[in-house]
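Taking it in order: structure first as structure tokens, then the write-up.
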Amino acid sequence: MVEAQKWTRRMSNPRLDTAATADDHVLDIPTIPTAEVKNGIYTFGSHLTPNLLTALIIASWFMSNTGVLLLNKYLLSFYGYRYPIFLTMLHMLSCASYSYIAINFLEIVPKQHILSKKQFFKIFALCAIFCFSVVCGNTSLRYIPVSFNQAIGATTPFFTAIFAFIITCKKESVKVYFALLPVVFGIVLATNSEPLFNLFGFLVCIGSTAGRALKSVVQGILLTNEAEKLHSMNLLLYMAPMAALILLPFSLYNEGNVARITLEKAKTDSFIILLLIGNATVAYLVNLTNFLVTKHTSALTLQVLGNAKAALAAFVSVMVFRNPVTMTGVTGFAVTIMGIVLYSEAKKRSKITTY
């Protein structure tokens, strides 16, 4: 709140008014209400302790990340909605709409603008890689269990190290490369013992993981100029509609007029509309909670949570969908996660010694 200001009233000749006291010369200016009071609202989390707020954000992050995987799996494998490209396009449209509201109306971050054609094409290139990664990831859920999908996805640092070396010639320390060995060994172990192994599903999931790693490396190269760097939420605001436009012709060519098919299905089963809206909303919440976790903790915490999320999503999917698992597969997954933890620690120590 803004404290009341006190203004001293000027007299034309204060000596003539000798009886007046100091208080008589003071005018009380009413306090100026803040924007939150004017609107009758308070900033979310203002009445919560920092620790409780952080805990709620992390819990929301776990629920949204696990939820979108389970919903995608349910839609694509069990519900019979076999249109992964169209589903991804809906996710992008949802992210574009919610991002516009969050930035332009809720003002969760300051809005940034694309400053040049060069910057636009850089973002478009990232968007193309992003589309490839997400579509491959969603497609893989039609053919392989969520648990296996997450085991493969955990190998992202391995592909990141490879692309960083190939594209930028960046070399890591020997300890970092050794830490990646359990990652590879674990996924080989899990693959050989996966009861529901599907070669096509495995390959597109590898493609999704490699695409995610490639995007992070390319983003570090293309958006190095401080003037061109965009906040993650602003980057999503511009990438999401671009992604939807890229995916539209591919969806029409490969899947047909899915919008018409969906509306026809909704006439007999209205639950599909609710399911798609909920799924697209959760897809946006994944991006929003990623930002909030990083803001209230750190990027390293987000990386650690990512490892825990993979294990949690795998466990929940087995409980929900009852897909068979083997002890060797569980061991392989555990070895992969252990390798990721070792990799993160080796990277952190490598940065310390560099400085």
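Using the three backbone atoms N, Cα and C, a Cβ is placed for every residue, glycine included.
Going by TrEMBL, these are the annotated features:
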- 52-71: transmembrane segment (TRANSMEM)
- 55-344: domain 'Sugar phosphate transporter' (DOMAIN)
- 83-108: transmembrane segment (TRANSMEM)
- 120-141: transmembrane segment (TRANSMEM)
- 147-167: transmembrane segment (TRANSMEM)
- 174-190: transmembrane segment (TRANSMEM)
- 235-252: transmembrane segment (TRANSMEM)
- 272-293: transmembrane segment (TRANSMEM)
- 327-344: transmembrane segment (TRANSMEM)
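Residues of the same chain lying 6 or more positions beyond the ends of the transmembrane segment (147-167) and with a Cβ under 8 Å from any Cβ of it are 69, 137, 140-141, 176-177, 180, 183-184, 186-187, 190-191, 194, 196-197, 202, 205-206, 208-210, 212-214, 216-218, 221, 307, 310-311, 313-315, 317-318, 323, 325, 329, 332-333, 336-337, 340, 343-344. Outside the transmembrane segment (52-71), and at least 6 residues removed from its termini, the chain residues within Cβ reach (under 8 Å) are 45, 141, 146, 149-150, 275, 278-279, 282-283, 285-286, 288-290, 292-293, 296-297, 305, 308-309, 312-313, 316-317, 320. The stretch from 120-141, 174-190, 235-252, 272-293, 327-344 that makes the most Cβ contacts under 8 Å with the transmembrane segment (83-108) is 235-252. Between the transmembrane segment (120-141) and the stretches 174-190, 235-252, 272-293, 327-344, it is 235-252 that has the most C-beta pairs under 8 angstroms. Confidence in the domain 'Sugar phosphate transporter' (55-344), given as mean pLDDT, stands at 92.
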